[in-house]
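What Swiss-Prot says about this one:
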TRANSMEM  15-32  transmembrane segment
TRANSMEM  39-61  transmembrane segment
TRANSMEM  76-95  transmembrane segment
TRANSMEM  104-126  transmembrane segment
TRANSMEM  166-188  transmembrane segment
DOMAIN    196-278  domain 'RCK C-terminal 1'
DOMAIN    286-370  domain 'RCK C-terminal 2'
TRANSMEM  383-405  transmembrane segment
TRANSMEM  409-426  transmembrane segment
TRANSMEM  446-468  transmembrane segment
TRANSMEM  473-495  transmembrane segment
TRANSMEM  533-555  transmembrane segment
């Protein structure tokens, strides 16, 4: 019996590498199970992992500190990098369609947070180092805490006690920082539910429309010549001549009275109607369109790009229409239909809808690859290479005018920026950054859960003592105010005054507060990745500004 007790103590209580893995796994598993509980319509989800870690640490569970720090930081790096890869392809298009405005709103939230912090500094008399710890916890921004501690240490190398208090203030306010944003987002959704019904995608979508050629100037011109007349991207996918449907080539001649089916951006249909003469009212975008019946003698197949050498190649360089007499009517990328423009850069995993004669479609399938099983093979070289670049980039010091100490983005800021760049531009350099949706979700969930479990175990030992005794309750109250007030004000203004969608506003708030747990809550409530795209759009700049502001506040008020 004694041997069993000693063995159990060794496995669960004595800090070691194995014991840390066991405890961390137990905390994560129990937290995930509790995260399924709902209070009304609100569920904290994976945030429960953090609270279970705090409870375990409070009741005396200790782990190997080195292992715990590694697990926590490695989980954070995996999460932010995978998030960057996910939203990378749509990140820069989103900047052109509202991203700059979202960043300005996000900066307004950051500025309001620090103005409130200055106000509390004079009203409550809390020291600025402790306030920076409170702000770091209330906005779940641990890199800002690290930057403030570094600045304080450079000002006063003997400020060890103050630095420890800053970390404790962060730990005490962190839970309500997580929960407060989730509560604020839930309140915004309840108060303004109708905003959810509006939908306009950040990504360009393919829109089908039929036209009759009534413009005499087009009679006898080739498809290539007609395409040059309009400075907007569109593709003629089918031509009806004398009642017979054909797949057009660039040299096909169009005649007065022909009917054509074109794919373009929806906003360009009015210009196409002016060009061709008359637009038919039939809705070609209905999901119940029987394309096989439309094409009759033609074959329509969805082919998947699995040949690595095509990664990053422009669609027009393949010359599929002219060489094989087939037409590409759709390009599906991660569930988003893109306009099959000749300048579109193809990516591994893109699904192309190809229409033409059976044998020609088969030849195109051989060129594209169309072997779905190949997509299941992970491209780990690019994955780990991106992690290396992200961590290195996060350690690069940036020197700003008027700030004596260098600024670093750290493990939270560096990897997400590199992930975005890899996802957006990797294919142009023939880097295979494709990750299946399920694999990307696994990486993100695994990373953030590991981070939360480690953070809870690391910060829970003195959590309740600090709340009950000393200034703990004051810190908690100040932190909750810093979390809720700017979030509700900016969120209300974004939705009500600026007429932004809820998912974009929620993603902006999560990114501005560096709150991936709240982002996970939002994603569990909504369809699509609109919130994740906006999160990654505003996260780098808001993170950078918060780090700078934290250091400036210490320099001015400490």
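First residue shown is number 1, and so on along the chain.
Placement of Cβ uses the backbone N, Cα and C atoms for every residue, glycine included.
Residues 41-42, 44, 47, 50-51, 54, 129-134, 136-140, 142, 145, 148-149, 152, 455, 459-460, 462-463, 466-467, 472, 475-476, 478-480, 482-484, 487-488, 491-492, 495, 502, 505-506, 509-510, 513, 515, 517-518, 521-522 of the same chain lie 6+ residues outside the transmembrane segment (166-188) yet bring a C-beta within less than 8 angstroms of a C-beta in it.
Each residue in the domain 'RCK C-terminal 2' (286-370) gets a DSSP state, and the totals come to 28 helix, 26 strand, 31 coil.
Comparison of 15-32, 446-468, 533-555 by number of C-beta pairs under 8 angstroms to the transmembrane segment (409-426) places 533-555 first.
Per-stretch counts of Cβ pairs under 8 Å to the transmembrane segment (473-495) identify 104-126 as the leading one among 15-32, 104-126, 533-555. Between the transmembrane segment (533-555) and the transmembrane segment (104-126), three or more CB pairs separated by 6 or more residues in sequence fall under 8 Å, so the two stretches touch. Mean per-residue pLDDT, taken over the domain 'RCK C-terminal 1' (196-278), amounts to 79. Secondary structure counts, DSSP: the domain 'RCK C-terminal 1' (196-278) has 21 helix, 28 strand, 34 coil.
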